[in-house]
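Trainee: Quick paste from TrEMBL:
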ACT_SITE  D155  active site, charge relay system
ACT_SITE  H195  active site, charge relay system
ACT_SITE  S390  active site, charge relay system
COMPBIAS  115-125  compositional bias 'Polar residues'
DOMAIN    458-575  domain 'P/Homo B'
REGION    104-125  region 'Disordered'
SIGNAL    1-31  signal peptide
Amino acid sequence: MFLGSRSRLRTAVIAAAVGAGVLTAATPAAAAPAAGTRAYLVITAPGATAGAATAVGSNGGTVWTSYDAIGVIVAHSGASDFATKMRAISGVQKVGATRTSDIPAEAANPPLYPAQTQSAPSTSEPVRTDMAQIGADKAWAVNQGSSSVTVGVLDTGVDDLHDDLKANFDAANSASCAYGKLDTRAGSWRDIDGHGTHVAGTIAAAKNGRGVVGVAPGVKIAGVRVAERFGADESLFFPENTICAMVFSGDRGFEVTNNSYYTDPWLFNCPDNADQDAILEGVKRAVAYAEGKGVLNVAAAGNENYNLASKSSDATSPNDSTPATRTITNACLSVPTEVSGVVSVASINSSNAKSIFSNFGTDKIHISAPGDNVYSTTRGGKYGSKSGTSMASPHVAGVAALLKSTNPTATPAQLRTLLATQADDLSCSDSRCAGTTAKNNFFGEGRVDAQAAVGTGTPPGNSFENTADVAIPDAGAAVTSSITVSGVTGNAPATLKVDVNIVHTYRGDLVIDLIAPDGTAYRLKASSSNDSADNVVATYQVNASSEVANGTWKLQVKDVAAQDTGYVDSWKLTF
């Protein structure tokens, strides 16, 4: 269930909604699952799924997909005794159903959701309250994030055609994991609800003078749809989908993921229940796999106003059939937010108080961010407000992306430490609040700080900028813009930062090089016939340690294809 509202109901969006339209079916590939078919996780030792996969077929099931590296098989079966039989197989450690509902018929042939009709672009871009609250507006003046950093938006999908998102959207690394199997067809990542598009805008909406600006407007976002349509108006995130998305994120080399949901159908998964125990193990392994590949996972803490450190009951699960009140303990976890290594984010309002819906708990909340009435992108080129820890989490994911841009060799553990040590302390007077101003059960280490993530800026004399416009001829000769560097001792650094702002339709036409004073060219960007997005707003890093720093540096830009035009707006060197 996504965590963008205060209840199971969908969040109200302060903007006109756009209908989903008619679905387009994929090319038929397999028969629909028979009525009564359920999904199961079969857990083995990592690298040892082969024998269990054979046993799946021998015991009334089929292997839907498998992840040998983490020892997880996703199986389908209509046999009522499938789990019992599989638990008796040598080498099988755990088996559990991932749902209490049948696999939907469309799982075998998932529909593609059509592109949304886009509204006219906004004509203004004011600094929003939430961005000022975390110092993002001040951070933008120093570092807007690197285009080499990608944040995976694991959610309901993303509207990649939105005017404020298309420039930063990475279609090549976007996909769907709905129904527990990777789908990389073009458009498979499209938003089925609007929630993921809102989250994406908070992370990395472009700083283009229109609409809103994300925390890290210079980084890339990839959409990974984890949600499935369930019933008339719900989107659910089943365990096999989460596992698929985490593994995909690791394999594609994302630096950060945002997870504004809990894994359905159980709000809390308890290890004394065989099904939920398998879910816990499978998701934990997938999260660890992603982190092992260098991914920092950020997640929403939840909207139940619940003390996660003092669990006693749950009346909301399972949410894919008939919920029933049950007794739970602190051993029962909400995933992924309570999984080890995941940064759990609570929500604050504009007054820096705990949002009334936000979960809390000693050593459960790591950090906090604005989550009340957050204004961001919505489907169809529109904008609207949503509330929830779903809205708080992407602020932290965006700051993590800024940290990674500033500290490109930082590990996930180091990024977690930086988030914590740079957070602004928040005090609380509520009787339920326990701890100190520096660290408490409402806000964790405090409010995330975007300005601190990029530092206070480069000392005067070490940053040089040219803001004069230079026209780029259509399919013409290369043009250059020059910066004369002086007063810098010795050679340029191995991490020379080159900030580039080019206004140009169809940026794939452009080839961009940095020319050192001795004439050596460093390729910043190659042309691409597949990159139809507008404008280049990016930070590149060049190993220029063999170059003398002082002298005239040039940004060289060439348009290699006809029809689209533009100009160099500005560029900057930071030594």
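For all residues, glycine too, the Cβ spot is worked out from N, Cα and C.
Help me see these features in their spatial surroundings.
Mentor: Following the DSSP three-state reduction, the secondary structure of D155 (active site, charge relay system) is strand.
Cβ neighbour count for H195 (active site, charge relay system): 31 (other Cβ atoms within 10 Å of its Cβ, all protein chains included).
Here the Cβ of S390 (active site, charge relay system) has 31 other Cβ atoms within 10 Å, regardless of which shown protein chain they belong to.
Here the compositional bias 'Polar residues' (115-125) has, by DSSP, the following mix of helix, strand and coil residues: 0 helix, 0 strand, 11 coil.
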Trainee: Between the Cα atoms of D155 (active site, charge relay system) and H195 (active site, charge relay system), what distance do you get, rounded to the nearest Å?
Mentor: 7
Trainee: Per DSSP, how many helix, strand and coil residues does the domain 'P/Homo B' (458-575) have?
Mentor: 3 helix, 61 strand, 54 coil
Trainee: Mind giving me a neighbour count for D155 (active site, charge relay system)? Other Cβ atoms within 10 Å of its Cβ, every protein chain shown.
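Mentor: D155 (active site, charge relay system) is surrounded by 33 other Cβ atoms within 10 Å.
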